[in-house]
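A.B. asks: Input: one structure, supplied below.
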Amino acid sequence: MNYKDTLLMPKTDFPMRGGLPNKEPQIQEQWEANNQYQKALEKNKGNQSYILHDGPPYANGNLHMGHALNKIIKDIIVRYKTMQGFYAPYVPGWDTHGLPIEQALTKKGVDRKKMSIAEFREKCKEFALEQIELQKKDFKRLGVRGDFNDPYITLKPEYEAAQIRLFGEMADKGLIYKGKKPVYWSPSSESSLAEAEIEYHDKRSASIYVAFDVKDTKGVVDQDAQFIIWTTTPWTIPSNVAITVHPDLKYGQYNVNGKKYIIAQALSEDVAEALEWDKDAIQLEKEFTGKELEYVEAQHPFLDRISLVINGNHVTTDAGTGCVHTAPGHGEDDYIVGQKYDLPVISPLDDKGVFTEEGGQFEGMFYDKANKAVTDLLTEKDALLKLNFITHSYPHDWRTKKPVIFRATPQWFASINKVRQDILDAIEETDFKVDWGKTRIYNMIRDRGEWVISRQRVWGVPLPVFYAENGDIIMTKETVNHVADLFEEHGSNIWFEREAKDLLPEGFTHPGSPNGTFTKEMDIMDVWFDSGSSHRGVLENRPELSFPADLYFEGSDQYRGWFNSSITTAVATRGQAPYKFLLSHGFVMDGEGKKMSKSLGNVIVPDQVVKQKGADIARLWVSSTDYLADVRISDEILKQTSDVYRKIRNTLRFMLGNINDFNPDTDVIPEAELLEVDRYLLNRLREFTASTIEHYDNFDYLNIYQEVQNFINVELSNFYLDYGKDILYIEEKNAHKRRSMQTVLYQILVDMTKLLAPILVHTAEEVWTHTPHVKEESVHLADMPKVVEVDQALLDKWNQFMALRDDVNRALEVARNNKVIGKSLEAKVVIGNNDNFKAAEFLQQFEDLQQLFIVSQVEVSDSVDNAEAYQHGDIRIDHAVGEKCERCWNYTEELGSVGELEHLCPRCQEVVKTLV
């Protein structure tokens, strides 16, 4: 008789190979057809909500792995919260205004000079919407679930209107003002930039020491003395109006070979070295404090202009001479200190960074080219003491990667000073996963300057400001709200399509416009004001959402970006942060921790991962990272991830195959009647569930990744599933022992599938559709397993048994190497007490030891001859006695000898009798 036909072998249609690139789109189509996002919301309607507010990615270009990391973690969070019973809507968003889209159109050959502003803006809008569709498709392919049919988009009329109203509220509170201040200016973009749009790169610059003759000594210094300043921006010397010294620092007048120089005493050695002075030739003639030098007058080296000596606390002794070249038109500190002394603000550059007529002999020169002309002129005037070149970290435009300058221009500002303390207080009220996140945003708010919110571009939300005939600014509640209403009805393009008077309320008058003539502001708002208004435009405007959000989660660059602009506008208008909890992730690097770049050939993109391996591999990779810091990806890392995935899949498949004839409605064994080993596994499952839920709650996905592997490898593969084959395949179908194990296997399968569902969204769904008798149509509409108290005494007992079992396995391995046995079923294990452990007494508590050890025979006695000493007893491995049963392959001395039951052990004889 062929006994193979009498075995209850695993049966399942669940394929061994994932085939994810082909399978996943089919699963996603089903979700779409079944309207799963809405069903998930409906299921938890009326429950406590959990709002993760999506920081809008920029609507330009293909997705990179940073996008994938961000969106996948957000999806894991929202799916988990949904399965925990929260009403957790997810509204994805896109940021659509700004220079990159203007540049993209220019690259495509669109000439904005050949069309009206409104026409060009319409093309920008079309381009942005096309980009959104491409990115949307790619996000959905990653398995991200959300309201992609109705995302929030910063160019939508209702969003722009909300932004204008928020602006109006800030204006009402006196937080919006116009001023001429030095701001970061990008000649390459021809626009001002906010701090968030600046990045630092190394730049080679001229480093010069310049002498300024004393003009009026004020009775403090000698008439023939000179102040020495140091600068790395020679082109700003034409704008110099002052020399700043620190009031509390000690300064000295030094005689060097007959020349008299004034510098800070603390820097005298550094200056002497830089200017190659002979140390023996240096004499300190006079000493004074910076306060005593205040109002001394110096002469500009080549212009007929006084350079006033003033006091400023920003002067340090870190570098230079302690006498700081001061040009209020080209530096924030210079501007602030200059205001105290009513100094002129000179900034003789145009939008392209070229000197204007005000620049005199430098007119028409690009500022960087003027460096040489200025140093040549200083040499000619005998004012240049030293010229070197240094490489230093310098601010660059984050879009064009070109250097920026400080340039004083009329700009619109949002006041940070007036709300700074309120924002800092709101940060104190916000929860963070890591302390450094709090410190980072706190310090940025504490140290940041006023926020330049105007941009000299056309693709953006216009500033709702009008001017009267006499130049008065018109920015009232009435006018701003009227503009908001117009934008809501027509979109912001109406600003560029209508005259100013047609954008004002009907019949509007102003004393500054006796003729009824008005003009409008042509600057647009900083894109950070756009996205920073999303709490108003989205959280407060959409019925399914609410303010403040439970979570903002973005890349760590957003501490100075979206996190920063959002809390600024929210505190300014609502008096609180827009988020209760702030979480960030690092950047994605290559396998060696290097930045990805085409030139290095180390770029991996989401599209490639999804097409070659599947979205679930990308998602599993995300869960395997310590995302709070920078993370790594490479082909090798993805291969390792695929191996882990394969192990998970095969384990789930094995369990599916072995519950194919199990019906939980009729076959389940009550917990009290389960075999103790099955109760042990049930409690290990509960332990695993509790820690996994805790890790989800704490956003610790790496811990989940590690614990899943540990549970699968240690508890299931290395023990329970291996041990179980002798029961699941061999025992009679309805045997108590078999149904007991199936009861627990079914529970493990269902609970593990749920616990994996937020991460392996497609695979969990595929397992669910192959799991018999599940009630929900989708695992994503099921609830997470409940955390149940474990039987700790039972776990302690079995944990000790598992440690003893490890010793038995070590002994079996030795016996295998010594050719005593081949397979473990050829073994007889003899165990006894030793000084370490009373194994005989301990093992009396357990039944079916031969099955638990996966051997044919076990003998337990107080003492064992010729045994090896192990931590948990003395162990000897013999070859099993008797003959091998042809059905279960266990060795026995009681093989059947007649007819159908020949060569079977007593157990198999009983089972086969029921089948014959």
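All positions are counted from 1 along the displayed chain.
Using the three backbone atoms N, Cα and C, a Cβ is placed for every residue, glycine included.
Small disclaimer: the values here were computed from a predicted structure and weren't measured.
Straight from Swiss-Prot, here's the annotation block:
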MOTIF     57-67  motif ''HIGH' region'
BINDING   GLU554  L-isoleucyl-5'-AMP binding site
MOTIF     595-599  motif ''KMSKS' region'
BINDING   LYS598  ATP binding site
BINDING   CYS885, CYS888, CYS905, CYS908  Zn(2+) binding site
A.B. asks: Starting from the Cβ centroid of CYS885, CYS888, CYS905, CYS908, which together make up the recorded Zn(2+) site, report each further residue of the same chain whose Cβ lies within 8 Å of that point, ordered by sequence.
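C.D. replies: Result: ILE730, GLU886, ARG887, TRP889, ASN890, THR892, LEU904, PRO906, ARG907, GLN909.
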A.B. asks: For GLU554 (L-isoleucyl-5'-AMP binding site), what is the tally of other C-beta atoms lying within 10 angstroms of its C-beta?
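C.D. replies: Looking across every protein chain shown, the total is 21.
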A.B. asks: Can you count the other CB atoms that lie within 10 A of the CB of CYS885 (Zn(2+) binding site)?
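C.D. replies: Its Cβ has 24 other Cβ atoms within 10 Å.
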A.B. asks: Count the Cβ atoms, other than its own, that fall within 10 Å of the Cβ of LYS598 (ATP binding site), considering every protein chain shown.
C.D. replies: 7
A.B. asks: Tell me, if you would, which residue among CYS888, CYS905, CYS908 (binding-site residues) has the fewest other CB atoms within 10 Å in the structure shown?
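C.D. replies: Lowest Cβ count within 10 Å among the binding-site residues (CYS888, CYS905, CYS908) is CYS888.
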A.B. asks: Which whole-number value in Å describes the distance between the Cα atoms of CYS905 (Zn(2+) binding site) and the residue listed as 'ATP binding site'?
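C.D. replies: On Cα coordinates alone, these residues lie 67 Å apart.
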A.B. asks: Under DSSP, is GLU554 (L-isoleucyl-5'-AMP binding site) part of a helix or a strand, or is it coil?
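C.D. replies: It is in a strand.
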